[in-house]
Amino acid sequence: MKTTDGTDGQKRRAGERAAEAVEDGDVVGLGTGSTAAHAIRAIGDAVDAGLDVRGVPTSFDARRLARDAGIPLRSLNEVDGIDLAIDGADRIDRDCTAIKGGGAAHAREKVVDAAADRFVVVADPSKVVDTLSHPVPVEVLPDAYTAVERAVAALDGEPTLRRAEAKDGPVITDNGNLVLDCAFGRIDDPTGLARRLSPVPGVVEHGLFVGLVDTAYVGTDDGVKRLE
Ligand SMILES: O=C(CO)[C@H](O)[C@H](O)COP(=O)(O)O
């Protein structure tokens, strides 16, 4: 039966389906954003019901939400590995290459998601595309942002310093850095672009997630579709 709860319902179904994959004893990477938040709340409900897990949050916000949901927390340095990471995405193609960083959390997200035995993206259908063309968030050291802007321009990208909405000036990440949203138009070779962005001095991390996502759960109006 179709429901009328819109995008939030789609996100909730995706998040809750991913949370069902968490098993007793798991160490779980807890992603950032409104879709991952549904998974965090569902894991919190399961913890209330007796599930034994430890969560590794990917951001200040994920940590706060998970703590409020009653999930025991660890930092990445305190665990030997991560069994399952659940995180949102700004765009994902049918090969499960994703662009992340809409919440400026992609540096820690990538570290946690890449450390996981299994990484599941949760998304609503507006995130699924045939070809990636969304701007790529690039976290940069504050002292290096103009140098990185020039390097991005040399890769035919158009960088825009992300500005804060409830503060004058730029967005400052949880790591104290800046974000350049870099438009490259249609990204036909995300692997090549990722390889060119990573070594630019001053780049802390970019939001292209290539070869990291195992499965995507895409919530719909009446269920969840799976991309592998
Ligand atoms: O990458 C992210 C944060 O850095 C988010 O996962 C991404 O922006 C998706 O967010 P939402 O689920 O709210 O649409």
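Including glycine, each Cβ sits where the backbone N, Cα and C put it.
These figures come from a predicted structure and were not determined experimentally.
Residues or ranges marked as active site, proton acceptor by TrEMBL: GLU109. The substrate binding site annotation in TrEMBL covers THR32, GLY33, SER34, THR35, ASP87, GLY88, ALA89, ASP90, LYS100, GLY101, GLY102, GLY103, LYS127. Per TrEMBL, the feature compositional bias 'Basic and acidic residues' maps to 8-20. Sequence annotations record features per position, and here TrEMBL assigns region 'Disordered' to 1-21.
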Lowest 10 Å Cβ neighbour count of the binding-site residues LYS100, LYS127 is held by LYS127
About how far apart, in whole Å, are the alpha carbons (Cα) of LYS127 (substrate binding site) and GLU109 (active site, proton acceptor)? 18
Which same-chain residues, if any, lie at least 6 apart from the residue listed as 'active site, proton acceptor' yet have Cβ under 8 Å of it: GLY31, THR32, THR58, SER59, ASP87, LYS100, GLY101
Enumerate the residues of the same chain, THR32, GLY33, SER34, THR35, ASP87, GLY88, ALA89, ASP90, LYS100, GLY101, GLY102, GLY103, LYS127 excluded, that satisfy the criterion Cβ within 8 A of the mean position of the Cβ atoms of the recorded substrate site; list them in sequence order. GLY31, ALA36, ALA105, GLU109, ALA123
Relative to the Cβ position of ALA89 (substrate binding site), how many further Cβ atoms are located within 10 Å? 29
Using DSSP three-state counts, the residues of the compositional bias 'Basic and acidic residues' (8-20) come to 13 helix, 0 strand, 0 coil
On a count of neighbouring CB atoms within 10 A, which of the binding-site residues THR32, ASP87 is highest? ASP87
